[in-house]
Amino acid sequence: MNEKQAKLTLGETEISLPVHEGSIGPDVIDITNLYKETHCFTYDPGFTSTGACSSEITYIDGDEGTLLYRGYPIEQLADQGDFLESCYLLLYGELPTFAQKENFVHRITYHTMIHEQMMRFFSGFRRDAHPMAVMVGTVGALSAFYHDSLDIADPHQRMVASLRMIAKMPTIAAMAFKYSIGQPFVYPRNDLDYAANFLHMCFAVPCEEYKVNPVLARAMDRIFILHADHEQNASTSTVRLAGSSGANPFACIAAGIACLWGPAHGGANEAALNMLHEIGSVDRIPEYIKRAKDKNDPFRLMGFGHRVYKNYDPRARIMQKTTHEVLGELGIKDDPLLEVAMELERIALSDEYFVDKKLYPNIDFYSGITLRALGFPTTMFTVLFALARTVGWIAQWKEMVEDPSQKIGRPRQLYTGAPKRDYVSISQRR
Ligand code: SDX
């Protein structure tokens, strides 16, 4: 069947561009030969209309508020599955059989320890360093230790590096937390599942036994599932671009962590909770709604709006449900921040500014309230996002490295600087 074509007329020139169809979602206009045929670049700062790659991993329909991991709706995975099962699905494309899952969980469990000498990295940081700074530095340093899984051309080494990243992120994240509060590190335990092990490493102390609350562990596991992958978001695109040069996976993940830290991206969960704290009470909401709508005020409602979702972020709905579960289990009634959050959402969703611009709560709007209730300080919120997103970064990196058509990413530009001019000696400059 002849492939669809798009016609482009540029002055006297008319060219035909192939149109590729996906399995679902928008078609793409292939501009690979545009520059060669027209000596023009396309121009799309922020990549609002640009597909950077083809991928089989995650699909988002922003208008419908749909999110699929390898075709499975996030609601079903969050409700019926667990995080390591979703990790297997994202990495290998299918839900694991019982035996495959058992083997995968075993391999992850036995990679959770980090090289003992890595502990020295932590002592080089100030105790009040932001844990994301510690994560960027420590994860990047993994490439100084695991020389046997840096050769990205070797499928076995790619697989080992992938498992190591997924397995070690909770250990490193828990160590960053313990270091920031001056408590001793707690080693991973092989008798605990992934989320329970993480909570144990964060909240256990040597002085007494720490029993992980299964309801909270289940909530933590579900929060990891919600954050696991999200198509070609800024940090995933960073990981892909870093990986396209052949950089090792640990360095690529460190680049992803750095990008995720920004308040417009993964840093929004920390910023959203700080915003709710700043608003403080329901009666102050109108003042902040007014500021969010004021073009001259840089203030934005953190946890609101999304580049792709022009409907409710499906993850936000599940997160809100999880918030109520966690607060209920902990016996926290009438959390003032939750009251402010729910009233802020109610007002914003009935305000024409937000309705017209299709601004809805995103995953970061409720996550902070839940994570704070679980016992994490706001500075740890984006660390938890990075922990969960590591599998998405790794799966997308693996897909990019294994794509035979892959080449180094190298965008061009619209140059608006000075035309060519000759050097002027300093004695001639006025
Ligand atoms: C994540 O990409 C992903 O998938 C990311 C993520 C993932 O899982 O990887 O989903 C995780 O990063 C979620 C988003 C978290 N960020 C925030 O909550 C920060 C607050 N939100 C905004 O900064 C903003 O909505 C973005 C960054 C999320 C999206 O920005 P866009 O797509 O570039 O949209 P825009 O900035 O052009 O905004 C469109 C309009 C603008 O008004 P106009 O200039 O058209 O008049 O909406 C306004 C904006 O001023 N607007 C907001 C707003 N977000 C957008 N106004 C008030 N409050 C907001 N939060």
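Cβ atoms here come from the backbone N, Cα and C positions, even for glycine.
Curation plays no part in TrEMBL annotations; they are all automatic predictions.
Look at TrEMBL and you will find H306, D364 tagged as active site.
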* **Rounded Cα-Cα span from H306 (active site) to D364 (active site), Å** => 10
* Helix, strand or coil at H306 (active site), per DSSP? -> coil
* Structure fact -> In the three-state DSSP scheme, D364 (active site) belongs to helix
* Structure fact -> In this structure, the one of the active-site residues H306, D364 whose CB has the fewest other CB atoms within 10 Å is H306
